[in-house]
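Student: The Fe cation binding site feature in TrEMBL is assigned to B:115, B:119, B:313. According to TrEMBL, the feature substrate binding site maps to B:139, B:140, B:141, B:142, B:143, B:173, B:186, B:190, B:285. Annotation source TrEMBL lists domain 'Gcp-like' at B:28-319. Taken from TrEMBL, the feature region 'Disordered' applies to B:332-351.
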């Protein structure tokens, strides 16, 4: 049983189980209130699944890509929740959740997942389909692009406004069952901090 | 919950220090701090995005370090406390997200508290004498310059005045840059100032003229001082003369210390409060401390300066304030508080 948290778009929290599937998922679409809602959503997801924290075997964190300030709230919460329980943290690329949901509904073939990166740019990931275990196969990305420069126009495209934590949790369950290695526990910022080194003092006298 | 002597873990991420502290009532058990200051040095000031990224990577390691230092386990905690504001929002949110998760995973009450009041709250820690009421508190750092009247730590804190432009610590950084000194500027200016003449140059004392005192008696302004230093230095350079860097540093430092301590003493005298507490990183400045000692002694005001590692931003002060809220029977914060970059000092706890 895993708790899954994603704040790369809105805020989404779920409890998933390998056999039972998605036991609960609660979402707030607002992309400006991650810090406010994260606690209540964790409480609601656990309550709806009828689970107490010690019963969890791990915590899944959506690592982005996504706007930084919100993204960090979920990663910080997921890492700390896992630390507090002494359970492993399972980092998953957020786009994988959208791909899992797409293929779980019976779709096949190539897929391009696109999300908003603000500043007139988007994040994208390309998938070829699923493997024998049902895991989405990411073939390229996640990466950053101008809207008119997104590659793979031939693929089925999903512009996702939300990342479902239930899908994130199921990707983690499937990967764990299949014995796949997990991604590094690193936020997928895909942009450097927006800052330039100082050039020394500016004159104040004209 | 143990309200007599609660074991509280405090999380502080309002600027560039990831602090996790643990107290038991009034006893300090741990004060773990990771700073991203070195990463900001080449930019000449704190870069919010760089600070927030560093908080995320330091958060759980600092919780682990604080637990190890205190020799307690998470299950032993009575409550968690976290800085809700004021501060850099992206930085604060890392702490808020972490604290909420910690409280829920452990099923412990959570207290969202005010960073500035935390600087005052740290003075309840320790064996010998603590915070007495009422007290004037002067909090001076790279992000804040505030003068508070504290009638009661957990229920009555009033903002008397604050900077209307740059924080005092920021002025030290900017003047250091003018003088070609590295970031953070405070320690470098302090070192050179010790070799110079504080009376060599009469730099302006912001908001101290009678007309300013009417509207801004307890407010501060350091932007004009910084510009005045820049003009003075540029004039020397333009004339092809050598800049007497030690004298500039000493005279600038004297101007800052004079205004800070002058206004703090005025508040004590005006309001009949015979106690002054200093807090914030600028307390590390030797002249700010010595001038505070001289003038409080002359005015019969008792001065309290916490140990320096408790004056700079830290998690222990947040834990100390959280513990006081618990000990005074206050209820935990609700589940939906956020990060408030401009949280007023009157909001001691966010509900």
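Cβ from N, Cα, C; glycine included.
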Student: Quick one: mean pLDDT on the domain 'Gcp-like' (B:28-319)?
Tutor: 96
Student: Quick one: Cα separation, residue B:186 (substrate binding site) versus residue B:119 (Fe cation binding site), in Å?
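Tutor: Residue B:186 (substrate binding site) to residue B:119 (Fe cation binding site), Cα-Cα distance: 19 Å.
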Student: Using the CB centroid of B:115, B:119, B:313 as the Fe cation site centre, which other residues of the same chain sit with their CB within 8 A?
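Tutor: Neighbours within 8 Å of the Cβ centroid, excluding B:115, B:119, B:313: B:12, B:14, B:83, B:87, B:116, B:118, B:139, B:141, B:144, B:279, B:280, B:314, B:317, B:318.
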Student: Around the C-beta of residue B:143 (substrate binding site), how many further C-beta atoms are within 10 angstroms, looking at every protein chain?
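Tutor: Result for residue B:143 (substrate binding site): 22 neighbouring Cβ atoms inside 10 Å.
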Student: Just to be sure I understand, if DSSP states are collapsed into helix, strand and coil, how many residues of the region 'Disordered' (B:332-351) fall in each?
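Tutor: Residue counts in helix, strand and coil order: 0 helix, 2 strand, 18 coil.
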Student: I'm trying to understand the geometry here, so how far is the Cα atom of residue B:141 (substrate binding site) from the Cα atom of residue B:119 (Fe cation binding site), in Å to the nearest whole number?
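Tutor: Distance between the two Cα atoms comes out at 11 Å.
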Student: Taking 10 A as the limit, how many CB atoms besides its own sit near the CB of residue B:313 (Fe cation binding site)?
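Tutor: A 10 Å sphere around the Cβ of residue B:313 (Fe cation binding site) contains 28 other Cβ atoms.
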Student: Cα of residue B:119 (Fe cation binding site) to Cα of residue B:143 (substrate binding site): how many Å, rounded?
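Tutor: Checking the Cα atoms of residue B:119 (Fe cation binding site) and residue B:143 (substrate binding site) gives a distance of 13 Å.
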